[in-house]
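**Student:** Okay, handing you the structure first.
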Amino acid sequence: MMSTTVRLNRFTYLTSTAKLTRYFCSHHLVDRSETALHEVIRIVSSPVGGLDDLEENLNQVSVSPSSNLVTQVIESCKNETSPRRLLRFFSWSCKSLGSSLHDKEFNYVLRVLAEKKDHTAMQILLSDLRKENRAMDKQTFSIVAETLVKVGKEEDAIGIFKILDKFSCPQDGFTVTAIISALCSRGHVKRALGVMHHHKDVISGNELSVYRSLLFGWSVQRNVKEARRVIQDMKSAGITPDLFCFNSLLTCLCERNVNRNPSGLVPEALNIMLEMRSYKIQPTSMSYNILLSCLGRTRRVRESCQILEQMKRSGCDPDTGSYYFVVRVLYLTGRFGKGNQIVDEMIERGFRPERKFYYDLIGVLCGVERVNFALQLFEKMKRSSVGGYGQVYDLLIPKLCKGGNFEKGRELWEEALSIDVTLSCSISLLDPSVTEVFKPMKMKEEAAMVDRRALNLKIHARMNKTKPKLKLKPKRRSKTKKKNLQH
């Protein structure tokens with residue numbers, strides 16, 4: 001009995017020892033692989049050395065590449081490393097792994113290169129993809145086509161679409177819609193229409209997406225006539241335009257009227273909104289913001305305020321964007337009191353704008369030389385506790401000091417340091433002996449006007465002095481008068 005117990009204890013001890021050995025060995029291997037991974041990431045992400053140096057350094061690392069390692073390295077380095085270094089690392093991995101790499105790794109790297117908009121790197125990898133008979137998935141093609149069109153290579157995007165079968169990727173509803181969307185995103189609508197007519201049979205079920213893309217493309221070109229025709233084609237096909245379609249038409253119309261007919265902005269936009277309601281589609285704050293943005297660019301102050309009030313009456317609550325466009329045009333046209341009043345109204349209604357709202361408007365006020373109003377708006381920003389005050393301090397302190405208000409500039413500097421805000425501007429700005437004080441632009445313009453007027457008066461006086469006096473010629477007697485005298 002005792003010998004049996006001893007044997008059992010011995011077996012248990014040996015089993016536990018074996019488990020501990022395996023545990024420590026596995027942890028040692030994990031540590032080694034983690035170290036190798038970090039070393040590869042360091043080499044790939046290093047900005048020092050060329051591409052040949054990169055490959056040479058990778059060869060010196062004692063690491064066995066794997067699909068998982070490739071994905072991890074690319075994911076870790078994609079944001080801060082140049083696409084060419086990522087491509088060279090992937091090529092080095094392909095040499096080591098060969099057919100062990102799956103199609104999904106090729107597609108992943110191609111999507112990363114497309115996101116980084118490196119046309120040459122994309123072409124190299126697409127060529128490798130085709131040589132090795134790899135399959136490109138539909139999502140990858142969509143991203144590649146969109147990127148190529150963005151960088152002005154729409155012909156390349158169409159070329160890849162035509163030979164999708166060589167990438168084992170079908171020309172189905174998804175890929176046809178993707179190439180049409182990519183082309184229309186930069187206004188190449190005629191090319192998109194060509195693709196659409198050649199593949200009518202495969203876009204069945206995706207008609208709404210295709211019409212949306214066409215409308216967006218015509219809005220990029222500001223072609224209201226063609227955009228209207230697309231809406232009519234949708235009605236003829238029994239497809240009801242949605243909010244996106246009407247907003248695209250509204251954008252097209254408003255952008256065209258900014259340059260051609262600013263006074264027609266409001267009536268024509270309201271007609272489109274009336275048409276939207278006939279389809280039981282209520283205009284949203286985004287619809288109104290399209291109009292408000294264009295009204296602001298044309299400095300239509302009264303219409304901007306009226307549209308804001310109309311939004312409230314119609315039950316469409318303005319958002320922070322609506323208030324921003326109206327306040328901005330008020331500040332730019334010198335209606336500072338009215339602008340501040342609308343900001344207060346927005347805060348009272350419970351809106352909590354993001355820091356960009358305040359930062360942009362403070363920039364506008366500084367640009368029109370109204371730093372006192374900018375300081376008031378900054379106080380409202382601090383009361384709302386949105387954070388991100390560093391940029392505002394960096395804007396206001398130089399503006400105050402260069403305007404001669406060193407006392408207020410120093411006060412803001414000390415305030416920023418007290419709340420641990422890191423400033424980018426130099427402390428030398430607070431020194432009047434170093435910082436040059438600029439006169440306001442209006443004073444300079446007025447002085448220039450006075451100088452111009454004085455110069456014009458001098459020129460006219462000089463011309464009057466040198467101008468020779470002309471003797472008036474005696475009037476000739478008419479023939480009738482001579483005859484009368486003779487009689």
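Each Cβ is built from the backbone N, Cα and C atoms, and glycine gets one as well.
Taken from Swiss-Prot, the feature region 'Disordered' covers 466-487. Annotation source Swiss-Prot lists repeat 'PPR 4' at 242-283. The repeat 'PPR 5' feature in Swiss-Prot is assigned to 284-318. Per Swiss-Prot, repeat 'PPR 6' is recorded for 319-353. Feature annotation from Swiss-Prot assigns repeat 'PPR 7' to 354-388. As annotated by Swiss-Prot, transit peptide applies to 1-90, with the evidence given as sequence analysis.
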**Student:** Do any residues, 6 or more residues outside the repeat 'PPR 7' (354-388), come within under 8 Å Cβ-to-Cβ of it, and if so which ones?
**Tutor:** 320, 324, 327-328, 331-332, 334, 336, 340, 343, 347, 395-396, 399-400, 403, 405, 408, 440-442
**Student:** So if I exclude everything within five residues of the ends of the repeat 'PPR 5' (284-318), which remaining residues of that chain have a CB under 8 angstroms from its CBs? That is, six or more out.
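**Tutor:** Distant contacts of the repeat 'PPR 5' (284-318): 243, 246-247, 250-251, 254-255, 257-258, 262, 265-266, 269, 273, 276, 325-326, 328-330, 332-333, 335, 338, 342.
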**Student:** Any idea what the model's mean pLDDT is for the repeat 'PPR 5' (284-318)?
**Tutor:** 94
